[in-house]
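Structure first, then comments.
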Amino acid sequence: MAYPFQLGFQDAASPIMEELLHFHDHTLMIVFLISSLVLYIITLMLTTKLTHTSTMDAQEVETVWTILPAIILILIALPSLRILYMMDEVNNPSLTVKTMGHQWYWSYEYTDYEDLSFDSYMIPTSDLKPGELRLLEVDNRVVLPMEMTIRMLVSSEDVLHSWAVPSLGLKTDAIPGRLNQTTLMSTRPGLFYGQCSEICGSNHSFMPIVLELVPLEVFEKWSVSML
């Protein structure tokens, strides 16, 4: 989860988020190299009084600065497309959870079970227990098994919402009348916090998301207790 004065991303807890972090570093390095080269050329032009007349109209230079950016864009696009396909791929999910956005709470339905659904509201600040996080705790956490592929179906009952959990690399729009899907898989147990990431009204800031990833045995006991 995030902490005060954090400068980087949250710690990755899923293969998708790890890939996104690597892609971020890859792209940032390319941007840094390009910026350094441009700054060097500008500095060189400002500090020298010499002018090479043949470079003012040289087809070779124009060819280079056309082909080189195209190659750089390809180096950025290829890993980006790979990650996009990974995020959209859904192969034999072990569990399907339907998520509905409301003003201003989330509701969840475990579609593989006959009657397992609940609403998830933010706990008011006045009701928080010691150690709980302000504006992030909910009365009903989404309990899921770790190290298993889970399909999330996301939609909305009223206005646009967005279901996002940064440490898992998840952000899916909840659109009324449309069912979007995404997959998640956590490589470790723990609590993972998120929030609605689409302005949806006056209480938009009070729609937290809490996922509790646990071993399969613990999840089975929890699901039995909820039925």
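Cβ coordinates are placed from backbone N, Cα and C, and glycine is handled just like the others.
In the three-state DSSP reading, H161 (Cu cation A1 binding site) counts as strand. Cβ environment of H161 (Cu cation A1 binding site): G101, D173, A174, C196, E198, C200, M207 lie under 8 Å away, each six or more residues apart in the same chain. What Swiss-Prot lists as Cu cation A1 binding site is H161, C196, C200, M207.
According to Swiss-Prot, the Cu cation A2 binding site annotation covers C196, E198, C200, H204.
Positions annotated as Mg(2+) binding site by Swiss-Prot: E198.
The topological domain 'Mitochondrial matrix' annotation in Swiss-Prot covers 46-59. Looking only at the topological domain 'Mitochondrial matrix' (46-59), the predicted model's pLDDT averages out at 70.
Sequence-remote contacts of a segment are chain residues at least 6 beyond its ends whose Cβ falls under 8 Å from one of its Cβ atoms, and for the transmembrane segment (15-45) they are 9, 72, 75-76, 79-80, 82-83, 86-87, 166-170, 184-185, 187. If you look up Swiss-Prot, you'll see 15-45 (among others) marked as transmembrane segment, on the strength of similarity to another entry.
Same-chain residues lying 6+ beyond the ends of the transmembrane segment (60-87) with a Cβ under 8 Å from its Cβ atoms: 15-16, 19-20, 22-23, 26-27, 30, 34, 169, 182-183. Marked as transmembrane segment by Swiss-Prot: 60-87 (among others).
In sequence order, W104, C196, E198 are the residues near H204 (Cu cation A2 binding site), counting only same-chain partners six or more apart with C-beta under 8 A.
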